[in-house]
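Copied from Swiss-Prot, the annotated features are:
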type	residues	note
COMPBIAS	332-344	compositional bias 'Basic and acidic residues'
MOD_RES	Tyr92	phosphotyrosine
MOD_RES	Tyr164	phosphotyrosine
MOD_RES	Tyr166	phosphotyrosine
MOD_RES	Tyr177	phosphotyrosine
MOD_RES	Tyr189	phosphotyrosine
MOD_RES	Tyr214	phosphotyrosine
MOD_RES	Tyr223	phosphotyrosine
MOD_RES	Ser296	phosphoserine
MOD_RES	Tyr317	phosphotyrosine
MOD_RES	Ser369	phosphoserine
MOD_RES	Ser780	phosphoserine
REGION	328-402	region 'Disordered'
REGION	584-624	region 'Disordered'
REGION	710-834	region 'Required for interaction with PLK1'
REGION	710-760	region 'Divergent helix-loop-helix motif'
Amino acid sequence: MWARNLMARALYDNVPECAEELAFRKGDILTVIEQNTGGLEGWWLCSLHGRQGIVPGNRVKLLIGPIQETPSGQDQPTSGLMHQTFGQQKLYQVPNPHSAPRDTIYQVPPSYQHQGIYQVPTSHGIQEQDVYQVPPSVQRSIGAANGPHLSKKVVTPVRTGQGYVYEYPSRHQKDIYDIPPSHTTQGVYDIPPSSVKVPVFSLPVGEIKPQGVYDIPPTKGLYAIPPSACRDEAGLREKEYDFPPPMRQAGRLDVRPEGVYDIPPTSTKPTGKDLHIKYNCDAPGAAELATRRHQSVLLNHAPSQLGQSPGAQNDAYDVPRGVQFLEPPAETSEKANPEERDGVYDVPLHNPPDAKGSQDVVDGMNRLSFSSTGSTRSNMSTSSTTSKESSVSASPSQDKRLLLDPDTAIERLHRLQQTLEVGVSSLMALVTTDWRCYGYMDRHINEIRTSVDKVELFVRDYLHFARGAVANASCLPELTLHNKMKRELQRVEDSHQILSQTSHDLNECSWSLNILAVNKPQNKCDDLDRFVMVAKTVPDDAKQLTTTINTNAEALFRPGPGSSHVKSGSENIMNSTEYPHAASQMPLLHPGDHKAQGLNKPLPPSLGKDQPPDCSSSDGSERSWMDDYDYVHLQGKEEFERQQKELLEKENIIKQNKLQLEHHQLSQFQLLEQEITKPVENDISKWKPSQSLPTTNSSVGAQDRQLLCFYYDQCETHYISLLNAIDALFSCVSSAQPPRIFVAHSKFVILSAHKLVFIGDTLTRQVAAQDICHKVMNSSNQLCEQLKTIVMATKMAALHYPSTTALQEMVHQVTDLSRNAQLFKRSLLEMATF
């Protein structure tokens, strides 16, 4: 069909993504052998420099049509191309199967090299058959004068010194052109309305306005041809409101609107108040007014009327009357008439915890602390409280879930955690070396008491949210995440028990100065000392639990469609800072209750089976080293080195793929493995101080300065190993290596950064100055969170390979890790020298 000697000029640079694709530069002349070769729409078989391959048809332009096999065909000067006829200047030539003229498909202005604007074709006979979409590179070429040309290849930063920088802004690399687009995609190229010279249809203005500002329909069609042009105006307004017609026409309260809520009508007797409303509201206007008044009364007196039957309340409100955000008082629920509690959506009273739940709490009391700063954590939280107290505090929240979307839940969680950290920091600011002397306590007793009360309140509010998140985790198919969160929650609950008890004891003694003021050191800790010691450990436990919830937010917080009305009806309460735990107070129907068995729609809806599995859970053969990665479980040097060795041996790329790796790759893996296995030194007696450190300030103690300098040298050594691992990973990504290669390289990156986290944890346990301890802890926690993000980004890059977007996101996260590691190393030096 096609002549063999078609010539085409390359319009853009092309970087091949596979071995069959040709690489060429802008301006190269290619020989077109076959168009749409092998049935691949938009791909041409071309030849360049003696090599054949496929090229994207929208990146080249045919020259002059078929050329006779004469030497003059290729020696034509390029300057003559600017003076060709209009039929030869088209960016795209669409072959017409009906032999129609091709000069009306795309009209390009003479200055298309600088503008790139297409005019709307006036012929519509073949617009739905032969449509070429504008590749993203054409749109990006407009700004080529302001920045470098962006290709579809993953861009990796360049190492400069001990950091990485992009040669140009890398965030523009997302969603770049991967595959020549299919012509079935709709609405890719927005055509300015001013470029339409000849209107397709003459429509009245009134029919166009309801469709929006732009006259390009959001559905079918690539050009300004409204598909709804033939509809009448009444048809456009059919979906103006979502209210069903029976809602507007209901003149009596006993007539149920169709399709509002699938609740069978109850057979309870209406109260006298409802009868008064029912028989005095014959007119529609009166019924609507009475309904509004009745609802306002219910909202104002909700706690006292929760025990009444749903029949006493109007069904126009989306939320069933039996389901409220606050629990009914015990006396109201117990004295309620059983006949009035037969509604389908009545919420049963909370059952006492079963034996299994109590046993879980008792087991949690005997747990070991796995915190990254575990050696500084006081063990009073487990030894000072009984299992009975802990089970009483934990059991009422086990059947309450949070019906929130992930974004709202994460935002609220971070707000609660930040409030808790600020409260503890305010309390710690009042704790000095002589803070228990009579003079200091006399001046600051009120401030200390206020801070103590705030810390206890902030911990309680945080626990309300955390218990709801743990309840959500209990509904997941895999219980791995639930068990982990329950252990982390137990630590916070243990601490809260001590805080509550000590705060109560302090209030019992009325914060007497004669009791609290101590003029000489004492060996025994009193209630105030216990409160301060336990409060100091709470932010670490809360940080660990927050990280777990944040990482698995997509699996934990996914309310079903039936919970949207609950959120809208309680939005003001749920978002109020005065009631941060309102969402966690929503009761659930007990699975064994006889009333719950007749429900077609459980409230709230449980997570479906089609929900993706939890990120932190893994099973069987699909478990990889990333699923086992949990860097917060650091105990000591021996366990740390053992864990590093296990992670390194698992899925060892050298042992599995020796025959498939090239020689330089094998040597690179072996070199990285040698650097990773280098241990972190803890023996400071063998360390020789560096002479290059500047003179220190006297504000840092000699022992703390020695520790900072010692671990700074350790950090410097392992930071170089981290940079080498990152270099190898970026080189692997740039050379388009498969997932099994770049995942193995990412393991070296994570293990190298893991050592920096271990250095930070060890230093936190050994320094004496509290401000240095907090700074090192914060930097170490940032590295921890960054490592979690990199693990997830690497998983996504491997699962969605060869997605450029996923690979680019992984590169961004690794680059951010290098910056955070450099800041961590620099902070150690600054604290040691200033």
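Each Cβ is built from the backbone N, Cα and C atoms, and glycine gets one as well.
Keep in mind the model is a prediction, meaning the values are calculated, not measured.
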Mean of pLDDT values spanning the region 'Required for interaction with PLK1' (710-834): 86
Helix-strand-coil residue split for the region 'Divergent helix-loop-helix motif' (710-760), DSSP-based: 47 helix, 0 strand, 4 coil
Where Tyr164 (phosphotyrosine) falls in three-state DSSP terms: strand
For Tyr164 (phosphotyrosine), the number of other Cβ atoms found within 10 Å of its own Cβ: 22
Between Tyr166 (phosphotyrosine) and Ser780 (phosphoserine): CA-CA distance (Å): 26
Number of Cβ atoms other than its own within 10 Å, given for Tyr166 (phosphotyrosine): 15
DSSP-derived class (H/G/I helix, E/B strand, else coil) of Ser780 (phosphoserine): helix
Around the Cβ of Ser780 (phosphoserine), the count of other Cβ atoms that are within 10 Å: 23
